[in-house]
Amino acid sequence: MALITLRQLLDHAAERLQGYGVPAFNINNMEQGLAILAAARACDAPVIASRGARSYAGDIMLRHIVEALAEMYPQIPICLHQDHGNNEATCLSAIRHGFTSVMMDGSLQADMKTVASYDYNVDITRRVTDAAHWVGASVEGELGVLGSLEKGEAEAEDGSGAEGKLDHSQMLTDPDQAVEFVQATRVDALAIAMGTSHGAYKFSRKPDGEILAMRVIEEIHARLPATHLVMHGSSSVAARLQDLINAHGADMPQTYGVPVEEIERGIRHGVRKVNIDTDCRMALTGQFRKVAMESPKEFDARKFMIPAMKEMEALVRDRFERFGTAGNASKITVIPMDDMAKRYASGALDPAVATAKAA
């Protein structure tokens, strides 16, 4: 099956009777890709394969990995997505190398450390959207700065993360401004800032509404019911994986992630894409450490990789099933990017805004 755009995939997710979410898993190497696609085939789920660490595996390598996966698993629609693009050149380079979707993160300036103004965000995101839509590619934007409401700080990940102290006005997406932003930029999906952050150390306690503001998602969905919302930094950081890692030589402090139940709540209110990376890293690392400690004479990297891939496959399948993604791959007929470009040009995919009902 051909690669699919993010817009078509998330439209399909929103059009189902109950709606479903699609986890976006970072792919940095072959083993992660094989684990994700094995899980997808087992439960008939479409896939968003996201490139996060650009310096680790560049556009060309990842494109060929995903092309190979698409050939091996022709029954699975795969969206090849670039995460946290820092400027137009990064986004357009990804599209030129075969990515069907890009994220323009204009919440930060090009250094990915300095908080950007709203006008800067609108301007650069709109420019990327205009260019991407000409060729049928999808664009995700971000409004508000990802980070911990507890600490007032962002967690740097793969070179991306605001520096310095932040206040809640910066770290919570304003629902009214979200409407303006979507109308001005015509993004296909909108990443929301509501207390999640990158990395493992998201919360010092089980999150509640004070530090994980799910109400923001609900308020934005009420105003933008047709806009696909995105939760970043949504690994659950399961205690089981923390314990597995620490039982085999690590010293990982206790931490809390985003409960899967809260993600399911978000899906009921318009969240269609859910970014998950730390959970996959932990699944892999736990098994690496287990093999290293239990078989100290082992030197064959494959003996480390195989159980690690199985652990990650189980985690990925669980998310496909919990988010309602399972069972939908075979229901999707991919629309070519040229046809998506025509739909953008016609205005058929312009954003819709909820109108207030008369009293």
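Placement of Cβ uses the backbone N, Cα and C atoms for every residue, glycine included.
As recorded in Swiss-Prot, the features of this protein are as follows:
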{"type": "ACT_SITE", "residues": "D83", "note": "active site, proton donor"}
{"type": "BINDING", "residues": "S50", "note": "D-glyceraldehyde 3-phosphate binding site"}
{"type": "BINDING", "residues": "H84, H198, H232", "note": "Zn(2+) 1 binding site"}
{"type": "BINDING", "residues": "D105, E142", "note": "Zn(2+) 2 binding site"}
{"type": "BINDING", "residues": "G199, G233, S234, S235, N275, I276, D277, T278", "note": "dihydroxyacetone phosphate binding site"}
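In this structure, the binding-site residues H84, H198, H232 were compared by how many other Cβ atoms lie within 10 Å of their Cβ, and the smallest count belongs to H198.
According to DSSP, D105 (Zn(2+) 2 binding site) is assigned to coil rather than to any helix or strand. Shown are the binding-site residues D105, E142, D277; the one with the most C-beta atoms within 10 angstroms of its own C-beta is D105.
Annotation for the binding-site residues S50, S234, T278: lowest Cβ count within 10 Å of the residue's own Cβ, T278. Annotation: D105, E142 are the binding-site residues among D105, E142, D277 whose CA atoms are within 10 angstroms of the CA of H84 (Zn(2+) 1 binding site). The C-beta environment of G233 (dihydroxyacetone phosphate binding site), restricted to residues of the same chain at least 6 apart in sequence and closer than 8 Å, consists of L146, E155, T196, S197, H198, G199, K202, V258, N275. Cα spacing between D105 (Zn(2+) 2 binding site) and S50 (D-glyceraldehyde 3-phosphate binding site): 14 Å, rounded to the nearest whole number. The binding-site residues near D83 (active site, proton donor), taking a 10 angstroms Cα-Cα threshold over the set S50, E142, S234, S235, D277, T278, are S50. When Cα-Cα distances from S50 (D-glyceraldehyde 3-phosphate binding site) are compared across the binding-site residues E142, S234, S235, I276, T278, the shortest belongs to I276.
When secondary structure is read from DSSP and collapsed to three states, T278 (dihydroxyacetone phosphate binding site) falls in the helix class. For E142 (Zn(2+) 2 binding site), the nearest of the binding-site residues by C-alpha distance turns out to be H232; the candidates were H232, S234, I276, D277, T278. Close to I276 (dihydroxyacetone phosphate binding site) in the fold, though at least 6 residues off in sequence, lie P23, A24, F25, S234, S235, R319, each with a CB less than 8 Å from its CB. Within 8 Å of the Cβ centroid of the dihydroxyacetone phosphate site, not counting the listed residues G199, G233, S234, S235, N275, I276, D277, T278, the chain contributes T196, H198, H232, G257, V258, D279. DSSP assigns H232 (Zn(2+) 1 binding site) to coil, not to a helix or a strand. Annotation note: S50 (D-glyceraldehyde 3-phosphate binding site) sits in a strand segment as assigned by DSSP.
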